[in-house]
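A quick write-up on the structure given underneath.
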């Protein structure tokens, strides 16, 4: 009888190979409270084969088991919205807004690492914690705002893909917008036949575009002093500088990425111990730092090329005209010096890859947001179709009425909307990650709290300043009748007040819900040692050795 019980216990203990990939988390239980047969009772005999194997595993191999979420999220920092705002910033302000990119990506690294830490330490992603913490009406408002952020992030991807199709096949922008809705569904369908190969191809194409801009930057040789000055000396001069800076921040620090990253980390096997959680947080920080550093270099290269070409002393009339009307659809001329006649084709292919790869991250973010706030899970293709149909509507209308110039302007507007949306994901993240009731001993240090809140308040303050001054300036200088201006003011000013009051509410509201679960401390030394290193063998009754495996994240296509 006892041998049968031990056999049942051994059946739930995974083999060493099942732990190698790291993409599936399993919580094993010892139901009878007896040590499994492959663990010695003596603390002096720590000869459990799997433990020896794991303890001898090099640090870089442990790190590789966590790689994936940061790189998938970083694709969003190279999407068409980023490319458009980078090109506009370089053409309009030369290198003066590079400091916005530097601060934006430093801030992005901080908050993306906080999002990863939140998921690892709590076993829940941001939208689930928002649902648990806030009252029903607040929860639904935050859900709607998060959905608007996903749609706003999808608009540049729709238009960027339409621009790429226009360059490659000379089809109208509005037709490309319609085709884009089907192209993403095709891409999601192809994932069944080798998603990792497909994502690798997309990533390679995106980095081909990056290599093109790096090569062009080596050819045009932007002045190093001016680039460094623009990177480290904050300046907002010239017409539209504040709006372009906000658009840059909105394209870099996107609210839906916070929901996404906090969920993606839950697809990794993380021991439910202080040591295991600390290791996971450190590895995710290293991965995010590397991925965002690459994204930073690419964004700087794009701004530098655009700023150098469009501000050259010996610029031709043709180039001057192109720079005055620069957008994603016409930017391929920037690469002619390196790629020659093939510049437009290679640029279009890379732009197409950029839009489609970013769509994958947007689809996952939308799924996690809907599931976390509403406990509703939809198939990816249905979720993507819904988001795409909503995003296509304004893109289609603007592209029909305004053509490529109107569509390019819509990308900037969408990026600004993302910047205004940011506080409603950022403030809950900063509060939850600094709360002992949510994070326990893993809550933010006082230094991280101060730095993150200063940067967050700075971005929120810039948004409110631009929103108020921009609207007042528009009221003063528009050509509408006075009666119309009064009605517009009566409509917009209350909305601005609600926006500010909502931010204040989220900031000062005290968290009440306790979600942190204290990691288990085993009395048996062998069991404790195994749990600390991620081995699923417990010597006590009913204790979870790992943060619970998330079935809803099982099919996320992350590299091993």
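Glycine too: its Cβ is placed from the backbone N, Cα and C atoms.
TrEMBL assigns the feature transmembrane segment to residues 385-404, out of the candidate ranges 385-404, 525-544.
Of the listed segments 63-78, 79-94, 223-238, TrEMBL assigns transmembrane segment to 63-78. Check TrEMBL against the ranges 32-52, 200-220 and you find transmembrane segment recorded for 200-220. Using a cut-off of 8 Å between Cβ atoms, the transmembrane segment (63-78) and the transmembrane segment (240-260) share at least three residue pairs, counting only pairs 6 or more apart in sequence. The recorded stretches the transmembrane segment (98-120) and the transmembrane segment (385-404) do not share 3+ CB pairs below 8 A when only pairs 6 or more apart in sequence are counted, and are therefore not in contact. Taking residue pairs at least 6 apart in sequence, the transmembrane segment (385-404) and the transmembrane segment (486-508) share fewer than three C-beta contacts under 8 angstroms. Here the transmembrane segment (410-432) sits against the transmembrane segment (240-260); at least 3 CB pairs are under 8 Å, leaving out pairs fewer than 6 apart in sequence. Residues 62-63, 66-71, 73-74, 77-78, 82-83, 86-87, 90, 98, 101-102, 105, 108-109, 112-113, 116-117, 120-121, 210, 213-214, 216-217, 227, 231, 252, 261, 265, 442 of the same chain lie 6 or more positions beyond the ends of the transmembrane segment (281-302) yet place their CB under 8 Å from a CB of it. Panel annotation: around the transmembrane segment (444-466), residues 103, 106-107, 110-111, 114, 242-243, 245-246, 249, 253, 419-420, 422-423, 426-427, 430, 433-434, 499-500, 503 of the same chain, lying at least six beyond its termini, place a Cβ under 8 Å from a Cβ of the stretch.
Within the chain, the transmembrane segment (141-165) has long-range Cβ neighbours (under 8 A, six or more residues past its boundaries) at 76, 79-81, 83-84, 127, 130, 134, 171, 173-177, 179-181, 183, 251, 254-256, 259, 327-329, 348-349, 351-352, 354-356, 358-359, 362, 365-366, 369-370, 373-374, 387-388, 390-392, 394-395, 399, 404, 407-408, 410-411, 414-415, 417-418, 421, 424-425, 428, 502.
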